[in-house]
Amino acid sequence: MLKDLFGKSRYVTVKREEHTSSKKKAPGDDRLWTKCKKCKEIIFNKKLVENLMVCPKCGYHFRLTARDRLAITIDEGSFKEFGQDIKTVDPLEFPGYQQKIGKYKVKTGMEEAIITGEATIEGYPVVIAVMDFHFMGGSMGSVVGEKVTRAIEKAISTRKPLVIFSTAGGARMQEGMLSLMQMAKTSAAIKRLNKAGILYVSVMTDPTSGGVTASFASLGDIIIAEKGALIAFAGPRVIKQTISTKLPEGFQRAEFLLDHGMVDMVLSRHEIRDELAKILKIHQIGVVSNGG
């Protein structure tokens, strides 16, 4: 049974569709306006999209799809996807799992909760992986773990810096221990990347939690958090119910983690691409000066 874990899909045959930011409707579908979840401001959708899905009044960052994230991060036309042939199977024959995967494939136009590929950012080559919370809450199952691992291995073999945008609700319960195993698997791969001397920049977006936080997302050489992102292992509601104590203001938000030394910087969505380019430029200068 396990030998077929990364085989061709035996159950779901929904054809993958190209899913770009230009084709995707703004939040609210056919509506012209969106209400900000934080300040309740009514925002014209066109204005919201032009502002990279950030509320112009309070700065609240709406969640992005993986392809929208790619579109605002990498150089246009530079993306070469790999790993799209890895299909989700149902190793535990969990009731309803095949149907749920099929539903999310149709809903998101994606095969899984992550996209991996090679691209450039301001001309600097990278291996990039972007998770998508819209696909089963960004949960990490065996395919997500395998694609992250292959992205790491691609970075090692090509000696290109690795950039991973994380957003996840935790391990995928429908795959049981096989999903939990991905924490150790991806962490071991990051260790090999580290030994090879390859730069790894981890970007945590809202929300990043569970097994993803406890593995590769927290192992970057440089860890960037998007402004206002929830970053946690167990969420604040679970912790509050467990210890019956009122939590500090902003607990587990990006800014709180920065104050406590858990991330290196907190950036708005508008700043991330430029900051990545600066990091890559400095890294390239360092490699050249060392004869790399």
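Each residue's number is its place along the chain shown, starting with 1.
In case you wondered, yes, glycine gets a Cβ from its N, Cα and C as well.
Record features, source Swiss-Prot:
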BINDING   Cys36, Cys39, Cys55, Cys58  Zn(2+) binding site
DOMAIN    32-292  domain 'CoA carboxyltransferase N-terminal'
ZN_FING   36-58  zinc finger
Position of peak Cβ density within 10 Å, selected from the binding-site residues Cys36, Cys39, Cys55, Cys58: Cys55
Sorted by sequence, non-Cys36, Cys39, Cys55, Cys58 residues with Cβ within 8 Å of centre, Zn(2+): Lys37, Lys38, Lys40, Glu41, Ile43, Pro56, Lys57, Gly59, Tyr60
